[in-house]
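Engineer: According to TrEMBL, the feature region 'Disordered' maps to 1-24. Marked as GTP binding site by TrEMBL: ASN187, LYS188, TYR189, ASP190, ALA247.
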Amino acid sequence: MAHLGRSWDPFSTLLAPPPDETPTQREARIARELEAKRVSDEIDAQLHAEWLAAKNNPSVHVLIHGQGESGKATLVESIGLLCMDKRELPTKADPFKFKVTITDFTLPRTGGKVPHKWAFYVERGGVEWHHFMESIEAVVLLAPVSCFDERSPRNERVNRFEDSFQLWTTICTERLYKKSTLIVIFNKYDILEEKLSSGVSLRAHIPSYGERPNDAEHAVEYFRLHFLKILRQHKGKKKTCHFFTTAKIDPEFAIQVLQTIAKDSKHEIDLSPEKLSTLENVEDDSSSIASEYSFASSRTETTEYGHYFRRMALSQATLDSDGT
């Protein structure tokens, strides 16, 4: 067997021009190679520019959890009304295998700074797709408090609100969320008030509620304490989360959530209601937008157990018609 020297290139034979190449063929080959190099260089330059842009102005990643009809899509739609532009993925022709819809939003920033990219993810398929993400800076759980007397469609023996407890436990035990900002939204507070005021007994459906007053305020406080208990069990007392209680999710409420996330992640955003009518994706005039703002009977509570899970960023959500 002939000895191959160190200078031997295994690709030299493949890349060498044909031995019988004519001058015309050589000219055409060189032209093709130059064009291929030009395209390759353009792609490299574009990728480098995108890498620099992402490095200098990284996206904020926000993951939204919640059972069906918890208000996930409504929250994302409300956020969309506050944004400068919006891009939804996937398209119908390109379904996303992880069963989420990714929506990129651009939010205005204070001081005339470059607008900031936010991405919202809404999990709807039960697939552990989030393990493929590099970072999740915020996790939002929507927990409708009005469904305490309803049964889970997946298991009629399980109370629907128990689904929210199970989701919360999953979030608290997930190591990927260790440094993420956590937000819990107790949604549909008005329906809870109506049910309890009409005489529906919370204790009849959740026996552990005991002899506490059968009203919405005490019920939500009971739920909040249970969520905190789960958080402390898995994350310790130095971890904390933000709690919101609301009767309706609209742009005004979405501002509160986004500002909470922005504060934790140290991103400056400008979501002044008087400026919303100037954003590109809002078609209504300022008067009609103002009339659509409904100040939800929301209440923000922040526990005092140390710093928040981690900077929150991207959140992309499911905006399909399944009510999520």
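For all residues, glycine too, the Cβ spot is worked out from N, Cα and C.
These figures come from a predicted structure and were not determined experimentally.
So where do these features actually land, and what's packed around them?
Structural biologist: DSSP classifies LYS188 (GTP binding site) as coil under the three-state reduction. Within the same chain, the residues at least 6 positions away from LYS188 (GTP binding site) whose Cβ sits under 8 Å from its Cβ are GLY71, PRO144, VAL145, SER146, CYS147, ALA247, listed in sequence order.
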Engineer: Around the C-beta of TYR189 (GTP binding site), how many further C-beta atoms are within 10 angstroms, looking at every protein chain?
Structural biologist: 24
Engineer: Report, as a single number, how many Cβ atoms besides its own are within 10 Å of the Cβ of ASN187 (GTP binding site).
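Structural biologist: So the Cβ neighbour count for ASN187 (GTP binding site) comes to 31.
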Engineer: Work out the three-state DSSP category of ALA247 (GTP binding site).
Structural biologist: coil
